[in-house]
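Below is one structure, written out as structure tokens, with a few remarks after it.
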Amino acid sequence: MKDKIPFQNVLVYTLYSTFKSFRNYLFSIILPIFIVLAIYLIKTSFGQDDFSEKSGQIYNLLIIPFTFSLFAFSSTLVNWKESILIKQSKFFSISKTNFYFSIFISISLLTLISLIFSIFSLFIIDYFLEIKNFTVTFWNMAGFYIIKGNFYEYLTFLSAIILLILFFTLYLFLIFNISYITSLKIKSIVLIQAINFVLIILFFGLADVALDINLVTNKRAQMIYNIFGYLIPAKSFQWLFISLFTNTTFANYNILETIVSPNLEVPYTFLTNKIWMILPTTLFFSTVWTIAFFMLIQIFNKKGIW
């Protein structure tokens, strides 16, 4: 039976609900910008340290706005769960798939705005700093790919951009699935957001977002740190993004843009430190993590748990 309420109407309503909420602006735009700037300033010693040859440690900040979408997804899902439309979805002949797809589109747009504002905020803060690390790093991405200016290099660069867009979207879908699991099982929005805070702390602490991987100089200690990080979905996405931003697959020496010491273990190389392994391994793990959470939801739905 055809939906009585078209998808575009559901999407418009979801967009309106998403962008009228101050809470979404606070947790999805204002807070991520603050965290991005705080980590950036601390990491670069307020513009005193030169990161022109450590670009990977600057690019890893760009995952932050996407991770904070946890809050907006959870808040929106809870609001929908309590709404009369979702409770009477059969009466209105609206598929839940349309509901969830409209939520994903709305929060993706909000996250894109957050990313843009975060980037502009970094440009602005760089204006007042002695060493403009982010500005240099941001405009230098093409330089990791285009050396001789031939067609193959441009094609490789374009492929990297496409993969970045695809997997940043996939990362958002992973975050959506995590939010779905917590939001539709737990009734208290306060408890849900508290869980989200804990998840974000774990993501940032173990996925090489807030902590500089080079601070752990003992190889065994770093290996343990990486093993715990492998249990965090964000880490595989983070290293996928870093490898694409710095082109470590075709220029292995670019790993020094992230890990400055050759004696340290390189994540996702299985103790071999073969740099070419990072991209295919993280592509695999990122995809598996996302599929695993999605399938978990499908299993629970079939069993009537949600």
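Even glycines carry a Cβ here, placed using N, Cα and C.
What TrEMBL says about a protein is an automatic prediction, not a curated fact.
Here is what TrEMBL records for this protein:
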| type | residues | note |
| --- | --- | --- |
| TRANSMEM | 25-46 | transmembrane segment |
| TRANSMEM | 58-78 | transmembrane segment |
| TRANSMEM | 99-125 | transmembrane segment |
| TRANSMEM | 131-147 | transmembrane segment |
| TRANSMEM | 154-176 | transmembrane segment |
| TRANSMEM | 188-211 | transmembrane segment |
| TRANSMEM | 223-242 | transmembrane segment |
| TRANSMEM | 275-297 | transmembrane segment |
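Under 8 Å from some Cβ of the transmembrane segment (223-242) lie the Cβ atoms of residues 56, 59-60, 62-63, 67, 164, 167-168, 170-171, 174, 178, 202-203, 206-209, 216, 248, 258, 265, 267-268, 271, 278-279, 281-283, 285-286, 289-290, 293, all in the same chain and six or more residues away from its ends. Below 8 A, the CB atoms of the transmembrane segment (99-125) and the transmembrane segment (275-297) form no more than two pairs separated by six or more positions in the chain, fewer than 3 in all.
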